[in-house]
Amino acid sequence: MRSNKSIIYILKKSLNNKMTLINRKSINVITYSFYIVLLDQVSKFLILNTLGFERSQNIIPNLLNFTLVKNRGAAFSLLSNSTSLLTIISILASLLLITVIIRFPPRSYWNLNGLAYLLGGTLGNGIDRLFKGYVLDFLDLVPINFPIFNVADIAINIAIFCFIIDIIKTQDKSKLKY
């Protein structure tokens, strides 16, 4: 009887350690996402209050301007007349991401960072859509004719980069097994 109690105790302890690790990873993703949202929202607030709309400020000559614009669409101003739809999509995507992060914690460093950047970027732009009806964009790359973007957009692109690295590293590990 005593050995059965010992086995049950060991199994419970092992399960609790795994749950703590899972929860810790999920909490890390959500915490990192919070900092990304904070950076995005503070940068937009500062630009809005110092520059205002319809003006452009050169930051790095021939490279970067701050030009504050209202983006009523998605990436590259797609779906410009669908603010309500984009707001609903942002909210649903954020809720789905949070659910995935909690139910299926990140399996690797790159996956963790990708999820954090994706959630942070999605929430950052989603907050703008929900409370303003548009997304504030202000980073204007001068040498190329590229759409004006913001910190949340950068975070989403970093997330894609992290996921690509995660896929490559996962494939490399699976090749080693065979």
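Each residue's number is its place along the chain shown, starting with 1.
Just so it is clear, glycine is given a Cβ too, placed from its N, Cα and C backbone atoms.
Whatever TrEMBL says is automated annotation, not expert-curated.
Using a 10 Å Cβ-Cβ cutoff, Asp137 (active site) registers 23 neighbours. What TrEMBL records for Asp137 (among others) is active site.
Under the heading active site, TrEMBL lists Asp153 (among others). DSSP assigns Asp153 (active site) to a helical segment in the three-state reduction.
The transmembrane segment annotation in TrEMBL covers 21-39 (among others).
The annotation transmembrane segment is assigned in TrEMBL to 84-102 (among others).
According to TrEMBL, the transmembrane segment annotation covers 109-127 (among others). Same-chain residues lying 6+ beyond the ends of the transmembrane segment (109-127) with a Cβ under 8 Å from its Cβ atoms: 25, 28-30, 32-37, 40-41, 87, 90-91, 93-94, 97-98, 100-101, 135, 150-156, 158-163, 165-166, 169.
TrEMBL lists 147-168 (among others) with the feature transmembrane segment. Sequence-distant neighbours of the transmembrane segment (147-168) (same chain, 6+ residues past either end, Cβ-Cβ under 8 Å): 36-37, 39-40, 43-44, 67, 69, 71, 75-77, 108, 110-111, 113-118, 120-125, 128, 135-140.
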Whole-number Å value for how far Asp153 (active site) lies from Asp137 (active site) (Cα to Cα): 9
